[in-house]
Amino acid sequence: MSVQEYLEKHLLSRKIEEAVNAAVRAKAPDPVLFIAGHMRRAVPAVITKVRARQILDGHGAPAVEVELHTNKAVHRASAAGAGAPEGAAADSAGDSERRKILARAVADAVRVINDKVSEALVGMDPQQQAQIDQAIMDLDKARHKAELGANAMLAVSIAACKAGAAEKEVPLYKHIADLVGKSAATLPVPAITVINGGKHAGNGLPIQEIMILPVGAKNFEEAMQMGSETYHHLKDIILEKYGAESSNIGDHGGFAPNISSISEGLDLVIAAIERAGYNGRIKLAIDVAATDFCAGKKYDLEFKSTKSGQNFKSADDMIEIYSQLCSEYPLVSIEQPFDKDDWEHSKKLTTLELCQVAGDDLLMSDPERIKRAVNEYTFNALVLKVNQVGTVTEAIEVVKQAKDAHWGVMVSHRSGDTEDSFIAELAVGAAAGQIKAGAPCRGECLTKYNQLLRIEEELGSDGVYAGENWRTASTS
């Protein structure tokens with residue numbers, strides 16, 4: 001398109017005249033700056049190109065970063081690491097080979113984005129999120145988005161969402177709220193990791209995480225203060241009881257003391273809460289990640305010790321263990337308590353109504369699996385990992401689906417996340433009520449929490465901390 005054709009298409013002569021008149025009426029102290037801003041708003045934004053590159057995630061593994069260019073600005077986004085490679089080759093490979101497979105997958109995704117995705121999106125209005133996401137989805141018809149990859153699709157979708165917010169001149173969380181169709185802004189309760197175990201730490205603790213939820217805080221700022229203070233008191237207690245070698249941290253920044261039982265870990269956290277002076281104001285949560293120690297239909301709580309294979313627990317035994325923990329501790333949420341295919345016992349535990357039972361591996365943030373879980377009352381909460389979904393539009397629909405079923409929604413980071421803070425904006429914009437972003441430690445975790453602190457400051461009195469309503473935050 002020639003310059004003359006562009007001028008005529010966008011009626012720029014008329015718009016320049018309008019901008020000059022507006023500057024005169026406003027008595028602008030800097031007319032040139034005023035006119036430039038007026039013209040910038042007068043010309044609609046369009047996507048001009050999309051470019052991707054390989055970066056490193058929080059584990060130093062390959063991940064995809066995207067820069068989406070419009071005729072006005074450049075918007076950058078990245079999604080969590082691409083996850084474990086699938087297939088026979090990946091299953092038989094060692095860590096080094098899996099990393100090479102992952103690097104090849106990321107390189108392929110970068111090429112597809114720079115070629116097919118960019119070509120498909122050029123000329124589109126960044127405010128039309130649903131149309132952009134549909135165009136991205138149309139490029140990948142493979143099962144589970146295997147051709148392009150959900151991580152790569154999400155990075156493009158997030159970058160477009162940021163561009164849409166910029167064109168509307170509103171914060172990203174407000175743009176997301178508009179896409180959701182809600183008006184209230186809700187700051188989520190952080191599920192802060194304080195102890196790591198399972199495959200995320202080298203200790204004997206079988207479950208993956210012990211978390212604290214500062215539901216008794218008056219706002220998000222106080223919640224993070226309470227969480228951080230408790231975290232550091234926990235470190236002191238671990239040093240006193242186990243020595244300096246036990247104060248190392250796991251994958252999500254939680255401490256990894258040399259413990260082997262869930263109750264021993266919970267006792268440490270309760271002691272830290274009491275020492276910090278927040279007894280009764282902080283609740284506990286665990287991410288069991290039970291698939292990691294499931295063998296057939298049995299569970300090996302000693303899978304990381306020399307006793308592995310000698311004392312299996314049945315799924316019913318696990319229900320007894322969870323019931324006892326809920327009776328002895330202020331435990332309000334249990335994530336993925338059984339194997340990824342165990343619908344029966346997930347339902348059994350949920351129907352006891354002991355606490356929030358959140359689905360992760362079994363649901364995979366998949367609408368069809370969520371629908372079945374709602375109908376069968378398999379869970380009462382969703383762990384939303386947006387890179388399992390693929391696009392912002394699909395993530396929003398999944399949140400609505402869970403909220404319509406009166407489920408809790410925990411927006412979650414991924415192991416080896418990037419420094420992109422999008423999930424913080426999503427948790428606020430979609431009024432999720434809960435966010436899981438790791439410990440108050442490690443850059444990829446803190447970027448989410450720090451962004452939420454900024455959002456709360458920006459909202460002022462319009463911001464509401466979910467607090468005791470962490471499971472029932474409304475999207476209306």
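Cβ from N, Cα, C; glycine included.
Quick look at what TrEMBL annotates:
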- 47-176: domain 'Enolase N-terminal' (DOMAIN)
- 184-473: domain 'Enolase C-terminal TIM barrel' (DOMAIN)
- His200, Glu209, Glu335, Asp360, Ser412, His413, Arg414, Ser415, Lys436: substrate binding site (BINDING)
- Asp287, Glu335, Asp360: Mg(2+) binding site (BINDING)
Average the pLDDT scores across the domain 'Enolase C-terminal TIM barrel' (184-473) and report the rounded value.
95
Taking only the Cα atoms, work out how far Ser412 (substrate binding site) lies from Asp360 (Mg(2+) binding site), in Å, as a whole number.
10
Using a 10 Å radius around its CB, how many other CB atoms surround Asp360 (Mg(2+) binding site)?
27
So which other residues, same chain and not among Asp287, Glu335, Asp360, have a Cβ within 8 Å of the centroid of the Cβ atoms at the Mg(2+) site?
Gln208, Glu209, Ile286, Val288, Ala289, Ile334, Gln336, Ala358, Asp361, Val383, Ser412
Enter the number of other CB atoms within 10 angstroms of the CB of Asp287 (Mg(2+) binding site).
28
Using all protein chains in view, find how many other C-beta atoms are within 10 Å of the C-beta of Arg414 (substrate binding site).
21
Inside 8 A of the center formed by the CB atoms of His200, Glu209, Glu335, Asp360, Ser412, His413, Arg414, Ser415, Lys436, which other residues of the chain have their CB, for the recorded substrate site?
Gln208, His252, Asp287, Val383, Lys385, Gly438
With Asp360 (Mg(2+) binding site) as reference and a Cα-Cα limit of 10 Å, the qualifying binding-site residues from His200, Glu335, Arg414, Lys436 are Glu335
Asp287 (Mg(2+) binding site) sits from Glu335 (substrate binding site) (Cα to Cα, rounded, in Å) at a distance of 4
Within a 10 Å radius around the Cβ, which one of these binding-site residues has the most neighbouring Cβ atoms: His200, Lys436?
Lys436
What does the structure give for the C-alpha distance between Asp287 (Mg(2+) binding site) and Lys436 (substrate binding site)? Integer Å is fine.
11
